[in-house]
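Shown next, in structure tokens, is the structure this report addresses.
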Amino acid sequence: MSAAPLVGYSSSGSEDEDEAEAEARAQARPGAGGCRRAQSPLPSQRLPVPDSVLHMFLDTKEEPEDDREKHGGRVRTFPHERGNWATHVYVPYETREEFLGLLDVLLPHAQTYVPRLVQMEAFHLSLSQSVVLRHHWILPFVQALKDRVASFQRTFVGLEVTSGHAQFLDLVSEVDRVMEEFDLTTFYQDPSFHVSLAWCVGDARLQLEGRCLRELQNIVDEFEDPEMVLRAHAEQVRCKSGNKFFSMPLK
């Protein structure tokens, strides 16, 4: 069983303000025969609005702004819309001390080529693209996933999967069936399964390909027992929808 190869890849991916309506002001008009009809003076100020009304909507949230600074400069692959939940299905990769030790060597070396690279906060192997679910679809979607993946249990090797690829394809096939049931985008054709280690804004493939990846691969190959360090036992599939997480054990 060979050590996992490293790969470099890229991924693809204004709120209108309401205009205030002008208020029509009542004006006195001349009466017939040039005589003016007496008019009561209009109040120069609006009536005060009760505090109970002023504070009625303080807790109402406006549509969130897509602020890049809040998520490292990343851009949404689809615009935010109230009631839509970004959803992703994946297998979590549980790190061990040895894996983090290898990453501590790999990342600084990669950053000599691409300084803006940032380590991933968590590690996983994707089983779906990011899709949009309406809120009332989330629980039926998750239940359909549970029904589909309940019979799977496999061991895989990363970073790019070199063992268990066929089993991953079977698992993706089940996830794709659920996607089709909800008229959502299925996974990529002929996918390459991998654990992402780091990311950066923009396309940095030219800096990473060639010499950089060869050097990083040598680090992996020379690391003590890399096959055992990078081995992962897949015990569950997870679905993240917005800020909600759902776990499906693999029996």
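Just so it is clear, glycine is given a Cβ too, placed from its N, Cα and C backbone atoms.
Quick look at what TrEMBL lists:
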- His124: active site, proton donor/acceptor (ACT_SITE)
- His194: active site, proton donor/acceptor (ACT_SITE)
- 25-38: compositional bias 'Low complexity' (COMPBIAS)
- 1-46: region 'Disordered' (REGION)
Distance check, please: Cα of His124 (active site, proton donor/acceptor) against Cα of His194 (active site, proton donor/acceptor), rounded to an integer number of angstrom.
8
Neighbour count, 10 Å Cβ-Cβ cut-off, for His194 (active site, proton donor/acceptor): what number do you get?
18
Ten-angstrom check, please: count other Cβ atoms within 10 Å of the Cβ of His124 (active site, proton donor/acceptor), all chains counted.
17
